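Pulled from TrEMBL:
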DOMAIN    5-40  domain 'EF-hand'
DOMAIN    56-91  domain 'EF-hand'
DOMAIN    98-133  domain 'EF-hand'
Amino acid sequence: MVSDFRKKKLLFLHRFFDKDASGAVEKQDFEQAAENISKLRGWKQGDAKYKETFDTLLKVWSDLERVADADKDGSVTADEWIAMWDAFAQNPSSAHAWQSEYCKFIFRLQDATGDGAIDNEEFSTVCVSFGRSKEEAVSAFQKMSKGKSTVSWTEFQELWREFFAAEDPSAPGNYIFGTSAF
Ligand SMILES: [Ca+2]
Ligand SMILES: [Ca+2]
């Protein structure tokens, strides 16, 4: 079973994905996210980056749908989402492709300068575009970076794993989505 603390984090992430606040995660949420990201970065329809962003997010959605949408109705409810993570907790070696795809995507999105590390400015810009407050994001970055000015790709992958696994409310990985509101 997923503990109450981890369930809170997972439900936060479910709401984070549910861009249109319909109560479930669907394909249109990923399209909306791709649209928001393109707007943030100034990519227009026809740009290579615009297409890459849509392609990547729709790939993440189709992998997620395959493993989480138990009743195959095209939407991943909070119950289906938690059930997927329950199964994952029982067999952690079964990490799904969408998780590593999405981890890589989020890191590359935040790493605006492409130097293989993210700083507080890059991190909080993306968090704000996803609806977090700037202040909250800046403080979240300080906690996840343990006071350092940047987070490398290797460190980010470890923080990512920690978000899903940690039972400790003060674990740095809890902050990677720009909040500590669990
Ligand atoms: Ca939705
Ligand atoms: Ca469903």
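Placed from the backbone N, Cα and C atoms, the Cβ positions cover glycine too.
Across the domain 'EF-hand' (5-40), DSSP helix (H, G, I), strand (E, B) and coil residues number 27 helix, 3 strand, 6 coil.
Per-residue confidence over the domain 'EF-hand' (5-40) averages out at a pLDDT of 93. Counting residues of the domain 'EF-hand' (56-91) by DSSP class, helix then strand then coil, yields 26 helix, 3 strand, 7 coil.
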